[in-house]
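Copied over from TrEMBL, here are the features:
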DOMAIN    492-550  domain 'CBS'
TRANSMEM  141-165  transmembrane segment
TRANSMEM  177-197  transmembrane segment
TRANSMEM  218-242  transmembrane segment
TRANSMEM  267-290  transmembrane segment
TRANSMEM  337-360  transmembrane segment
TRANSMEM  366-385  transmembrane segment
TRANSMEM  406-430  transmembrane segment
TRANSMEM  436-453  transmembrane segment
Amino acid sequence: MALISYAMNFAIGRVVRAHKWLYREIGDGHLLRYLSWTVYPVALLSFSSGFSQSITPSSGGSGIPEVKTILTGVVLEDYLDIKNFGAKVVGLSCTLATGSTIFLGKLGPFVHLSVMIAAYLGRVRTKTVGEPESKTKEMELLAAGAAVGVATVFAAPISGVLFSIEVMSSHFSVWDYWRGFFAATCGAFMFHLLAVFNNEQETITSIYKTSFPVDIPFDLPEIFFFVALGAICGTLSCGYNYSQRTFLFFLKANGFTSKLLATSKPLYSALAAVVLASITYPPGVGHFMASRLSMSEHLETLFDNNSWALMTKNSSPPWAAEPDPQKLWLEWCHPQLTVFGTLVFFLVMKFWMLILATTIPIPAGYFLPIFVYGAAIGRLFGEVLSVAFPEGIVAGGRVNPIMPGAYALAGAAAFSGAVTHTLSTALLAFEVTGQIVHALPVLMAVLAANAISQSFQPSFYDGTIIVKKLPYLPWIRGRQIGSHSVTVGHFMNCALTTLAKDMPLKEVIQVVIATDVTQYPLVETTESQTLVGVVKRTHLVQALQTEPASWAPGQQPCLQDILANGCPTQPVTLQLSPETSLHETHNLFELLNLQTLFVTSRGRAVGSVSWVELKKAISTLTNPPAPK
């Protein structure tokens, strides 16, 4: 994964530089420059959407919601097939080659790619060693693969493991912990090593360097401002997650857009790209939102120590014809709007532009854009403080100036953490910048943002799961819903189709034809209904098709005869009681990645519970029906 990530960055960097060269050398005519700016991303996104969707529909999007669903025990057909790999790599490369015009990243697709490789290596290992397939070993490999996907994007092994655990696991086995760290560390080390070998870096260093002072990085009164910034990021993240999910529902409900997304995905991608590229056109509206900077340059400038508002207080630097590599921060300074105007305009425009970009059916990651957006929120907050306290804050008889870059770092971690419902974004911010001097204020900002976000909205990835109608087990939030007082007997499925050992084969065949379940509960006798095991439908159908012809005339064979001839059965190792609470049942399903459980009373099979019954019971508690 490190080799793939580095090779992709190398190739994309060349393509982006070619686009900038074309835009710079094409002349001064506005029409030609506009066409060179917009046609490029439109063509790339159209190809990305058409190519990836023609190979397999599952190659589009982020990939994290589907991986999260798979790690809960749900089988998504062909999603981890290695044939998706090439489509995802080519489509993602085209997406990233559009640069900051479309403003998308690669974190989610790399998690999907890494998990695909892990699944493939698991299948190779099983065939090579000759062991039977094990669901437990497969999940161990997939969990390690998810950590590697994050680590090889940001070269951050520690936060890569923790982020993958927080986003994709409701419960995590400590046994898998060292495996994830080992794989993620190897991936991050190789990614850094390739940069050194190619003379891009002198030694192993952080991706986004900062130079915050170490002796007194912040004053104690500033803790309050960092917590306030976290509250602002948490509130804005609720609005972002709600708006994004609502817009996705609107696209599905609207007749025109739903038909376009179903039959002409490249056309929808091209239309969205035209809108986004036109707005970011530098001589136009893009002039006010630093559109000439790449996403990496956005972060490098936003993490700057100095206060731009104080540096430009008595002067208005002109807008340069080309960005100055030594003074990229001047792209945020507009003679009329000032620094505050450009940052506010950037935040307002990117809010809905990011939401629109997430609807394009292409392989793309959505974490880095919200990380940059959070950094802009923190930068604006820090610039306001630097103007409010131009001499700094007095603490202990010493005056220390406000550093807006530190607030940008806290904003990036807080907003991205609130959108994804994770705390490890704080550690990720430290690893990608190489700075940990602001550990306490950044952590407090992330905690404040998550406290607000998790109380009111599902995470970005959970919202996508809801919109895509993937198998999803909601959390039981809050004590007021009374999940402990509701028992299995209140919501279980009582219409249970059982097969008794003494049941005649004619009746067994009728049951198999009339139902389509994957497995049947096996009971001792029709009268006792004592649960003794489970028989899978595929095994039963195969046994019925190879029914022995040696039975004596007049003999009425029963299911027991089929079982005695080698039809395999499985024991019921775990079962519920009608008195088991909803809370305990929910914990069992999450902890063991279960899909269904049978309910017995004194050994007698009386019902079953699956995700359907659990979701309905939780929904009834959360939104009780109005009294008639």
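Yeah, the Cβs are placed from backbone N, Cα and C, and that goes for glycine too.
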**Complete:** For the domain 'CBS' (492-550), the DSSP helix/strand/coil residue counts are 19 helix, 16 strand, 24 coil
**Message:** Can you tell me which recorded stretch out of 177-197, 218-242, 267-290, 337-360, 366-385 has the most Cβ pairs within less than 8 Å of the transmembrane segment (436-453)?
**Reply:** 218-242
**Message:** Which range wins on Cβ pairs under 8 Å with the transmembrane segment (141-165): 177-197, 218-242, 267-290, 337-360?
**Reply:** 177-197
**Asked** List, by number or range, the same-chain residues at least 6 past the transmembrane segment (267-290) whose CB is under 8 A from its CB atoms?
**Response** 30, 33-34, 37-38, 40-42, 45-46, 48-49, 98, 100-103, 257, 260-261, 298, 301, 319, 331-332, 334, 337, 341-342, 345-346, 349-350, 353, 356-357, 359-362
**Message:** Using a Cβ cut-off under 8 Å, which residues of the same chain at least 6 positions beyond either end of the transmembrane segment (177-197) come close to it?
**Reply:** 1-3, 5-6, 140, 143-148, 150-152, 155-158, 160-161, 164-165, 203-205
**Mean of pLDDT values spanning the domain 'CBS' (492-550)** = 83
